[in-house]
Amino acid sequence: MNFSNILSNFFGNKSQRDLNEISPFVQKTLTIYSSVENLSNDELRGRTRELMILLQKEIEMEKNKIDELKILVESLELEDRETVWNEIDEIEKDIIEKQERILDKILPEVFAIVKDTARRFAENETIEVTATDFDRQLAVFYDFVSIQNDKAIYQNHWFAGGNEIIWNMIHYNVQLFGGIVLHNCNPKKYIKDIEGHNFSKKIKGYIAEMATGEGKTLAATLPVFLNAMTHNGVHVVTINDYLSKRDSEWMGPLYMFHGLSVDCIDKHRPNSNERRKAYEADITFGTNSEFGFDYLRDNMAVNPQDLVQRKHNYAIIDEVDSVLIDDARTPLIISGPVAKEDDQLYVLYRSRVENLVNVQKKLTNNLLIEAKKLMALEDPKQHEEGLKLLFRSYKGMPKNKALIKYLSEPGIKMSMLKTEEFYMQQQNREMYIITDELYFVIDEKNRSVELTDRGIDILTGNSDDPEFFVLPDLGTKFAEIENELITKEEKQLKKDELMQSYAAKSERVHTINQLLKAYCLFEKDDAYVVLDNRVMIVDEQTGRIMEGRRYSDGLHQAIEAKEHVKIEAATQTFATITLQNYFRMYRKLAGMTGTAETEAGEFWDIYKLDVVVIPTNQLVIRNDKDDRLYKTAREKYAAIINEIITLREHGRPVLVGTTSVEISELLSRMLNMRKIHHNVLNAKLHQKEAEIVAQAGQTGTVTIATNMAGRGTDIKLSTKARDAGGLAIIGTERHDSRRIDRQLRGRSGRQGDPGSSVFFISLEDDLMRLFASERIAKMMDKMGFKEGEVLEAKMLNNAVERAQKKVEENNFGIRKRLLEYDDVMNSQREVIYKRRHHALIGERIGLDIINMIYDVVNSIVEQYSNFNDYKGLKSELYKTLAIEPPISEEEFKNMKTTHLTEVIFNTSIVNFKWKNEQIVQIVQPRIERAYKEVGNKYQNIIVPITDGRKIYNVSYHLKTVHDTKSREIIKSFEKAVLLSSIDEAWREHLREMDELHNSVQNASYENKDPLLIYKLESFNLFKNMIDTMNKRVISILMRGQIYIKNQEVREATPEKKTNYNHYKVRKDELIESGRIQGRTAKRDTRILQKIEPIRVEKTVRRNDPCPCGSGKKYKNCCF
């Protein structure tokens, strides 16, 4: 017995302790529930309204204070506003904490109300209440509500997910436990609250592990209802759009009955008014990726009206392990086209790589044949030589089926592993003996392929350049150039040519490597499928097609070239975020799943989410049998077919879980040969999913499914199937993750139903080959395991679980490394998106500009004071800030840097305010006249502003400009400049960060940590980007002046929403067009069919056509 087991015996395990602490709270809920049952329907709803009013009344004073401060801040000087905004931020935090304390206090009563509402719907076909305005609105859109006179009639049946359901569910006690956990409760706090003590805590997140069939969806209604009462927004996150739509319709009436609004973002187009309204609902359902993409789209919006999301308040994630662990490695990306087109390289070099792979296959097959011959001899030296050839064959083509079969013979695998250990000694010092004879070397565990000199020779062929695919040593080549007796200009020319050659060769080598990976590591119908002439990735966890997802770094193009389908264009990232960092933005985060305990460490390390295991409502009586091990995959599949036939004859439904489309189709063909009727559910047939799952619990039904993880629909047994022994689960191999195996097992034995599960495995399975080889091989040899035999032992199960732990640890390392890289980007993203949001909304834009001016002044002072360069300072101040130095050269040399910064900053602020006042004074009379004469005709107007180099035609709302005494013009101009500058700088920065991420990986060859280099270099890139952007923005704003002097204001078309229809949209890719475009004055600007909200033009010359559209020359019109 290990130490943790000893502790558990004395103190109970963690989940038991958590549940013991929650139990008194559950008892209090049940006590209130017994009294709530006696209330009338109207009294029940009335109590909910009273609690919602209480939540708003308690924070009324704070909200009024915020309104007062927002009025005050407009009257303050720009530099004095920061203190007030900080005070507003603190009050908003106080509001959230105050509401949270109230929610904790009323939680028992609210849970009792929800439970009793569920009971009333379950026990009554209709529920009659006094109609409210909300009821009348519902009756217009939903069939389950009708209005008769002053009464609203709620029915207990409605449509959800395309099927009519009759409500028949009432919360079990275990679901109350789950609801408490999902509300993000610290159980100890509740005991203190119940006893009347004050208790404050920092809000944490919790995950409720609830077994399949235990009603996670119903349990979530408790915390969702409670938190929605604040009207701050609750997001219920699912893994696919079918579940989000179904659950919103299924649980919606429970919430709507009490006046809470419910919507689903997946029912509406991105960036539409309907989707915006969905986010304004009290409860919003949606898929994880759509929530993430809406966040990215909001941070590409050009008008406040384009924003759809509110603040990230509280989210409950269904199948949380699938979202936060399985999907966490894939970032969400919005991207656009790049100028570079290297797609043809994949087609150009495809035939060379195909030839190389075929040559290697022939070589490794011959090596295997020769190895078998030598190893059959009794001579020890010949045997040793045979092992060397066997290991070489393995390094060249580890997935060779003949090799895999031979390695399953007694003693062979163990002998090869010892040979591998010998050549790996002293950091692979002797490995060249094995690899030099190959054309390339495959590392299946790390998914890498490395070319050898022989491989390069084959690829080069008859090329004139023997080093066509060899990267030169730049350091050595640069040194050789420096030593040549030529001019400095000739040296520079040679260096440029060398760099161009290096870049071209890098691209070629990269293309070859990606093609080799595509041919050797990624198999069709396993990692991907080809549908409609497109390569589509299959999710290894769920078996679903990952619509729109593409492998990065050119790998997807390589697979497309391999499969001879159209190669889609490469893209450049415009906006990106990982699901890890998106969901960490929520103030409160909770999750539910049937399998979280094995990943509890990762949930805590990355998300600070604590896992609590909720007991089942009824004891699980499923029979989980020991794994059955076979020598070869052929024997295993034959045994599976026999097992299916036996179970079917007993009248039991059978669910066969496979890990790939290929295996599901293989088993399907084998069953067809035996004339066994069955259903197949895999990535190619996902449209029939709901129908197939609904039939899977009928007696004698056979269902083959690719990884049932996250299917979201319970398999309900017929009476005959239950009597026959329940659902039988057959796993065709162990998955890399224990969670996926547990999810498959969990499909059987729901709510106390009978059932069984067993996994069939072979020595040829990927998991066994790569991670369980040595221990299993020893076990096989000791037992004298022969072909055709089956092994069942607890020791085998333990060995397999240890192998799975190895894989899980490796995958966790990958995810954590990804997060460490993205954390660098995340801190930068937060700065940029916060500044962009301030510019878009406009409330804090003035404060941000003041801070930017200070940063620019500080940067200029530091740059020139270090060298006592007064002339340089003078030139830069005029160029960037449009001011003369407020100090003499003598003062510049003697003044401290901090004092100098303050003096120049104060002068810049004075000039900035004066410039803005000049614009207002010039334009105000024209605005007054326009408002009187055409105010009822024009809605938007254009007031061009120029910085002397470009014209910014910004559209303004005429009434708003008039009401603000033309100061709205200043704010809108600032907003236009800021948004365009931020977007341009951020896109370029993302491109540079992508390039940096790729380049720093080479640091590992120099025994340096790529992440450390990435952090240092990315900080410098970000600092330079901010400095450049600040100078560009401030330079434009400091020089801004009204362009029209003798012309009245013109009408503009209304501001348009960001048109996402122009973008190329995929699940993780989106193409965006530019927002502000410069136009030369020589182009015809007389006819403007559409006036965009923001547009930039170069300065118009005297003899150019006037931009006002009069047809006259500029000098005779508006000059």
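Backbone N, Cα and C atoms are what each Cβ position is placed from, and that goes for glycine too.
Site annotation for ATP in Swiss-Prot covers Gly213, Glu214, Gly215, Lys216, Thr217, Asp714, and the matching candidate from Gln148, Gln155, Gln175, Gln743 is Gln175. Of the chain residues outside the ATP site list Gln175, Gly213, Glu214, Gly215, Lys216, Thr217, Asp714, Met210, Thr212, Leu218, Ala219 have their Cβ within 8 Å of the site's Cβ mean position.
Non-local contacts of Gln175 (ATP binding site) by the CB criterion (under 8 A, 6+ apart in sequence, same chain) comprise Glu214, Gly215, Leu218, Ala219, Leu222, Asn617. The DSSP secondary structure for Lys216 (ATP binding site) is helix. Neighbour counts were taken as the number of other C-beta atoms within 10 angstroms of each residue's C-beta; across the binding-site residues Glu214, Asp714, the minimum falls on Asp714.
The Cβ of Thr217 (ATP binding site) lies under 8 Å from the Cβ of Asp247, Trp250, Met251, Asp318, each on the same chain and at least six residues away in sequence. The maximal spread of the ATP binding site, taken as the longest Cα to Cα distance among Gln175, Gly213, Glu214, Gly215, Lys216, Thr217, Asp714, is 17 Å. Taking Cβ-Cβ distances under 8 Å and a sequence gap of 6 or more within the same chain, the neighbours of Lys216 (ATP binding site) are Gly178, Ala208, Met210, Asp318, Met592, Thr593, Gly594. Long-range Cβ neighbours of Gly213 (ATP binding site) (same chain, at least 6 residues apart, Cβ-Cβ under 8 Å): Asp714, Gly746, Arg750, Gln751, Asp753.
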